[in-house]
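**Student:** OK, TrEMBL features for this one:
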type: DOMAIN; residues: 41-267; note: domain 'ALK/LTK-like glycine-rich'
type: REGION; residues: 103-139; note: region 'Disordered'
type: REGION; residues: 181-204; note: region 'Disordered'
type: COMPBIAS; residues: 181-203; note: compositional bias 'Polar residues'
Amino acid sequence: MNSWKLKDSSKGHEGLVSDDNFQNSVIFHYPCSSNYDCTYYHSELPPGIYKFEVWGADGGDGMYHSTYTKRPGKGGYSVGAFFINKTTNVYVFVGGKGENGLHPSTRDAKGGYNGGGDAPSDKVGSNNDSGGAGGGATDIRIGDVDLDSRVIVAGGAGGTGFDTSYVNIEITPFGGGLTSSLPRSSGGTGVAASQTTGYQKGNGQKGIIGSLGTTTSGGGGGGYFGGNAIAESYGGQAGGGSSYIDGVFSYGDIVKNATNGESEMPLLNGVGKGNS
């Protein structure tokens, strides 16, 4: 196992395990007790061809009349090979799950580490209709820690909101895919995060207070581009963040791919949807 360390060891502990099915493999677990205040792994890797697999984090669940919508979005999955031709600094950012809407809603729900958008508190009325926060993206960066050094990204899911249950939105705010989920509300849909657009590179949008002032929307998921939030009279569910695989390639039985959180994908404990 390579000598991986956390950038800020005061925030967590290395959650590293090896996979007995693969030589020289490392599985990175989320290292922090806080879903939003975390840090990244770093190491130097020697020359070679590496398989990268990343899973984005789930979004938070929003409230509808004091009850959770129970339709949280799942993070996406990306895979591909990468060639390192000389000893190189490598950085692994593992996304944190978006916080569920709070009841009572005394503060903002916190977006997951690595780009998840917060969901604002519901400060009007009975304080029980706040959105869920967006999940963070998981990505690998080569050579530097800036966003432009990402070679593979799995988008985090958006948070649900009041409208998820109010208008019975059946499509979850999944993260991942080259184009992620649309923000959805009682008034229609917004713009999905993709390879060229979204709220911001890396970051999902903070949720929006509905025009009636009584509910708040979910926060956007982190991603290559973060997801957008949406609200009409009430708070909608946000879009997930997009994935990115242009920095990796297919090699042998490794086929580069970006799968959204609504789809079947390989998991560490089998096959399923999302990263759980």
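We number each residue from 1, going along the chain as drawn.
Note that Cβ sites are derived from N, Cα and C of the backbone, with glycine treated the same way.
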**Student:** Taking a Cβ cut-off under 8 Å, which residues six or more beyond the ends of the region 'Disordered' (103-139) line up next to it in the same chain?
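**Tutor:** Long-range Cβ neighbours of the region 'Disordered' (103-139): 30, 32, 34-38, 54-66, 69, 72-73, 75, 92-97, 150, 152-162, 175, 199, 202-209, 213-224, 226-227, 229, 234-235, 237-238, 240-241, 244.
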**Student:** For the domain 'ALK/LTK-like glycine-rich' (41-267), provide the mean pLDDT of the predicted model.
**Tutor:** 95
**Student:** Helix, strand, coil: count each for the residues of the region 'Disordered' (103-139), based on DSSP.
**Tutor:** 0 helix, 4 strand, 33 coil
**Student:** Helix, strand, coil residue numbers for the region 'Disordered' (181-204) per DSSP?
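**Tutor:** When I sort the residues of the region 'Disordered' (181-204) into the three classes, I find 0 helix, 6 strand, 18 coil.
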